[in-house]
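Now, the feature entries from Swiss-Prot:
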type	residues	note
DOMAIN	1-88	domain 'CARD'
REGION	95-298	region 'Nucleotide-binding domain (NBD)'
DOMAIN	163-476	domain 'NACHT'
BINDING	Gly169, Glu170, Ser171, Gly172, Lys173, Gly174, Lys175, Ser176	ATP binding site
REGION	356-463	region 'Winged-helix domain (WHD)'
MOD_RES	Ser533	phosphoserine
REPEAT	578-598	repeat 'LRR 1'
REPEAT	655-678	repeat 'LRR 2'
REPEAT	734-757	repeat 'LRR 3'
REPEAT	761-784	repeat 'LRR 4'
REPEAT	786-811	repeat 'LRR 5'
REPEAT	823-846	repeat 'LRR 6'
REPEAT	847-869	repeat 'LRR 7'
REPEAT	877-901	repeat 'LRR 8'
REPEAT	910-932	repeat 'LRR 9'
REPEAT	935-962	repeat 'LRR 10'
REPEAT	964-984	repeat 'LRR 11'
REPEAT	998-1020	repeat 'LRR 12'
Amino acid sequence: MNFIKENSQALIQRMGIVVIKQICDDLFALNVLNGEEVAIICSHRVEQDAARDIVHMILKKGSAACNLFLKSLENWNYPVYQDLTGHSLFHQNLEEDLDVLAQSLKDLYNSPVFKNFFPLGEDIDIIFNLQITFTEPVLWRKDHRHHRVEQMTLGSLLEALKSPCLIEGESGKGKSTLLQKIAMLWASGMCPALNQFKLVFFIRLSSARGGLFETLYDQLVNIPDSISKPTFRALLLKLHKKVLFLLDAYNEFHPQNCPEIEALVKENHRFKNMVIVTTTTECLRHIRHVGALTVEVGDMTEDSARVLIREVLINELAEGLLFQMQESRCLRNLMRTPLFVVITCAIQMGSEEFQAHTQTMLFQTFYDLLIQKNRRRHSGGTSGDFVRSLDYCGDLALEGVFSHKFDFELEDVCSMNEDVLVRTGLLCKYTAQRLRPTYKFFHKSFQEYTAGRRLSSLLKSREPEEVSKGNSYLKKMVSISDITSLYGNLLLYTCGSSTEATRAIMRHLAMVCEHGSLQGLSVTKRPLWRQESIQNLRNTTEQDVLKAINVNSFVECGINLFSESISKSELSQEFEAFFQGKSLYINSENIPDYLFDFFKYLPNCVSALDFVKLDFYGRATVSQDKTGENSSGVHTEGPSTYIPSRAVSLFFNWMQKFKTLEVTLRDISKLNKQDIKYLGKIFSSASNLKLYIKRCAAVAGRLSSVLRTCKNIHSLMVEASPLTTEDEQYITSVTDLQNLSIHDLHTQRLPGGLADSLGNLKNLLKLILDDIRLNEEDAKSLAEGLRNLKKMRLLHLTRLSDMGEGMDYIVKSLSEEPCDLQEMKLVDCCLTANSLKILAQNLHNLVKLSVLDMSENYLEKAGSEALQGLIGRLGVLEQLSALMLPWCWDAYISLPNLLKQLEGTPGLVKLGLKNWRLRDEEIRSFGEFLEMNPLRDLQQLDLAGHGVSSDGWLSFMDVFENLKQLVFFDFGTEEFLPDAALVRKLGQVLSKLTLLQEARLTGWELDDYDISVIKGTFKLVTA
C-alpha cells in the first residue's frame, strides 16, 4: 500500500487510459473492482482523472488489492513498473544486449543463407543471389480511392514511410525480394532512411507460430537470454518507431496461429512500431482499412528484366534470350513479371533447345508451380473435387476468350469453386472500392493459356462428350481475321499443350481457309488505304485486298502453331493441307530459328506454298549462318555483305524448289561479288523468280551480273535505281521475262538502250513504265518495240513528259491491230487530241479492255471533239470495269453522251471525271442517271475539279448514299464554302457508306464543327 501511495503521482501521470482500462478488466475479473467502480473509472475523459480514481479505490481495498494491481501493471506496462520498482529496463547490460541483437540481425541479413533464395520454391534446386539479382522495382502509391497517384522508387518509399505500409501485387511481382532487400539495406548501413531503425525484423508470415517473440526466435536469430519475453515486449514499446517489422505474405498468414502479429498490423497504434506488410491484391481487403500508406508493385521494366537475365545466365545463354526478347513483343510483355523472367531463365538453364517464343512452356511451368505450391491449401474436398475445380477454371477461361471477357463477376464463379481458384492463384479477386468483387486471371495471356490448356484436354479426351465440346469451340472460329487476331494466342497454347490437339486444329484451319470467311475483317479495324498509296490499290477490289492480308497473316499463324507444337514432322500431312496454295513473307534481317525448323521438318509444306517473298535492306551485316552463329544470330568475324549468309543457309541448303520466289533489294548502295554470288544461290531455289529493285544505287553497271544468276526470272521491277546502257540491254535480252516495271528513271536514254530493244521481250505480258525520261524519238522507238509484244495484257505508261507528239505513235502501235490487251493506263503522259482520235478509231481492236485510264491528261486543241469521239465508241468495250477520262476546258458538255454509254456498263467499278468542271446541271443529270442505272459495284468516284454549288451537291446526296461499295471518292475543288445543310447531309450519307476508306474534300472550307460532323472511320483529306 505504501509503495502505491508513494508513487501515486507517477502512476497518475504515466499509466495512460489504455493501460488503465486493461487493469480495470483484470481487477474486475478478480472481483477487486465491481461494475459500478469500473464504470466510474472508465467514464473519465481525462486519463489522469481515471488514474486518480483507480489508485484511490485500490488503496482503500487493502494490501491484497494493491498486490493484484501491481501485478496487472507489470503485465500491461512493464517499463513503468520497472521504473517505479527501481529496476530500470535500459541499464548498461541491456543496452549491450540490444546492440548484440541488432548485430546478429545484420549478420543474418548479410549472410548467404539470407541472400541466397529459391525463386521457384525449395523443391526446385535453383538458387538466386539477392545481392546481384535484385533490380529496382516500379512502385505506385495509391490514394483512398485505390487509384494510382504517384510513381515511387524504393528510396522514395522508405523516405515517405508510414505505418502500417501495405505493399500489394500479384504472384511473381517480387514482393518478398523487395522486403529482403530492405533488410539488407538496413544491415549495410548505406541507406540513410533506414539508419533510424535500431532493429529490423524480416518475418515470413506463412510460418508464423505462437507469439511474436517465439516467431522471431524461430525464424531469425537467438535472442540474448537476458531479454525475456516481457522484457522484449517492453523493449518494443520503449523503442516505438525505431523498430521496423517486414511482414512477408499476409495472404499466406493464419491470424489464429499468431494473434500478436495480427494485432501488430491491425492495432499498430498500440505498438507504435513501424510495419511494412506485403500481400496479394485479393487479400488486401482484409487489411486495407488499417493502412497508412498503400503501394502497388508495378510491372518490371524491360531494362530491369535485361539486367536480371544478364546476372542469372551465362553470357551465351543471356545473349540468346535477350535477342529473342528483342524480336518477340509477346515475350517482352511477359517479362514485365519478375517470376516469368525467373521461369524463362530456369528453363533456359535446363534445356539447350529451349526457345523463348515457345510461350506454352513458360505458362505451363508457372501453372504447375501455382498448383504445386497451393494445392496443400485446398482443404475440405477430395482430389477429384480439386481436379474438377481446375477444369471449371479452364471452362471459365475458354468462355471468356470466346465472349471477349476478361473480367468476371460473382455469378460467373461458382461458389463451390471460388475459394479453390483464388487460393491456388489461378484467379485474382479484386474488392477494393467495389460494391461487388471482380475476378481476373493475373494476365490476359495467362487466361488464354488456361483456356488453351483446357481446349487441348477436351480435343484429346477419350470421352466423346468432351471431344464434342472441344469441337464446338473450333466451329466458332470461321473467320480468318478472327482466328489470327482474337483466337491466335488461344490456338498457340492449345497446340503447345498436345500434338493430338494440334492435329484437330490444323484440320479445322485448313477447312476454314477453303470454306470459311476469307474477309471477315471490318474496314474500320484495318485502314488499308492508309497502308498503301491509293494508286497501288485502285487496281484491286476491297475484298481482294482484305483476302490477301488475311491469308498472309493466316500463314504466319500456321507457322507459329507449328513452332509452338514442337510436333516436327509428325503432323506433316495436316500442315501441308493448311499451307497449300498460300504465301509467306520473310525479312532477311530477322529470320527466326523456327523458320529453319519449318523448312527442315515440313519441306512438303514449303513446296506447297504458291509464293514466298524475301526482302533485303541496305544495311551491311556480317556472316551469320545457322550453325556458326552466336546466340544472337551474329558472327564476330567475316566479310561485310548486304546479303546475310543466314538467308543463304535457309534457301540454298533446302533441297526443294519454291513455286514462286519474290526477292526485293531495297536501299542497297553497294554490292560486292560475294553478294551477287549469294543472290545466285538464293535465286536457284525458285522455279519462278520475281526480282524487285528499289532505290539501289549499287545495281548501276552490276544489274547485268545479277541477272546472269537468274535462270528462272519471269518478273523484274526497277524503281529509282540508275541503269547503264549495258544494264538496259541485258534486261531486253532476258526473253523469258513476262513482267517488266521501270519506275523513276531520270537519266537520258542512250542509243541501244531500253526503248530501242524492248521488242525483244516477245513473252512480255505486263509492262509498266512510270516517270521515265523519254523524248519524242525515244517514244517512236518505244512504239516500234510495242508492236512486237503480241502477248501483252497490261500496259501502264504514266508520268511521261517531254515526248512531244510521241504518244500518237505509241497509241497507233497499240491499237492498229487486234490484240489481247486487258488493261491500259496512259496517265499524265502527253496524250493529245490526235492520240485520242487514233484510239477512238481503233477501239474495236481493243475489245478485251476492262481498264482504260487516261486521267491527268489535258487535251488542248480539238480536245472536246476528240473526247466525244472516244465516248461515242465506248460501247465496243463490253468488259469495261474502270474508266478514267482525260479533260479539256469544256469536257462537261460530253457528260450526256457518256452517261448514255454507261447504261451498257452496269458493272463499272471505277469512274474518273477529274477536272471536267461539272456544274449543278451536270451533277443533277448524273444523279438522275444513277437513280435509273445504279452502279452497284462502284468503288471509286473521282469528280475533282468541279463547279457544283451546295444546292447541286444536296440534290446528289440521296443517290450518292446508295453507292454502298464505295471505297474512295474525290470531290475536291477550289474555294468552296458548303452550306450547313450540305455538311449535315454529307455527314449522314458518309455514315452509311460502311466500306468507305478515304474521302477527299480539298478546297472545301470546313471548320472544326463541319469536320466533327463529317469525319468517321475513314481518312478525311481536306488540304
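Heads up, the Cβ atoms here are built off N, Cα and C, so glycines get one too.
A sphere of 10 angstroms centred on the C-beta of Gly169 (ATP binding site) encloses 25 other C-beta atoms. Among 578-598, 910-932, 964-984, 998-1020, 910-932 has the largest number of CB pairs under 8 A with the repeat 'LRR 8' (877-901). What surrounds the ATP site, by Cβ distance within 8 Å of the Cβ centroid and not counting Gly169, Glu170, Ser171, Gly172, Lys173, Gly174, Lys175, Ser176, is the set Thr278, Thr280, Val297, Thr337, Pro338, Leu339 from the same chain.
For the repeat 'LRR 12' (998-1020), the DSSP-based tally of helix, strand and coil residues reads 7 helix, 6 strand, 10 coil. Within the same chain, the residues at least 6 positions away from Ser171 (ATP binding site) whose Cβ sits under 8 Å from its Cβ are Thr280, Leu339, Leu370, Gly425, Phe442, listed in sequence order. When secondary structure is read from DSSP and collapsed to three states, Ser176 (ATP binding site) falls in the helix class. Between the binding-site residues Lys173, Lys175, Lys173 has the most other Cβ atoms inside 10 Å of its own Cβ, all protein chains included. The DSSP breakdown of the repeat 'LRR 6' (823-846), given as helix, strand and coil counts, is 13 helix, 5 strand, 6 coil. Packing against the repeat 'LRR 7' (847-869) from elsewhere in the chain are residues 539, 818-834, 836-837, 840, 876-891, 893-894, 897, 910, 912, 914-915, 942: each is 6 or more residues past its ends and has a CB under 8 Å from a CB in it.
Cβ atoms under 8 Å from those of the repeat 'LRR 9' (910-932) belong to residues 538, 851, 853, 855-856, 858, 881-885, 887, 889-892, 894-896, 898-899, 902, 938-949, 951-953, 955-956, 958-960, 962-963, 970 of the same chain, restricted to positions at least 6 beyond its ends. Ser171 (ATP binding site) carries neither a helix nor a strand DSSP state and counts as coil.
Long-range contacts of the repeat 'LRR 6' (823-846) within its own chain (CB-CB distance under 8 A, at least 6 residues past either end) are made by residues 539, 793-808, 810-812, 814-817, 852-857, 859-863, 865-867, 869-870, 872-874, 876-877, 884, 886, 888.
Counting every protein chain shown, 24 other Cβ atoms lie within 10 Å of the Cβ of Gly174 (ATP binding site). Among the binding-site residues Glu170, Ser176, the residue whose Cβ has the fewest other Cβ atoms within 10 Å is Ser176.
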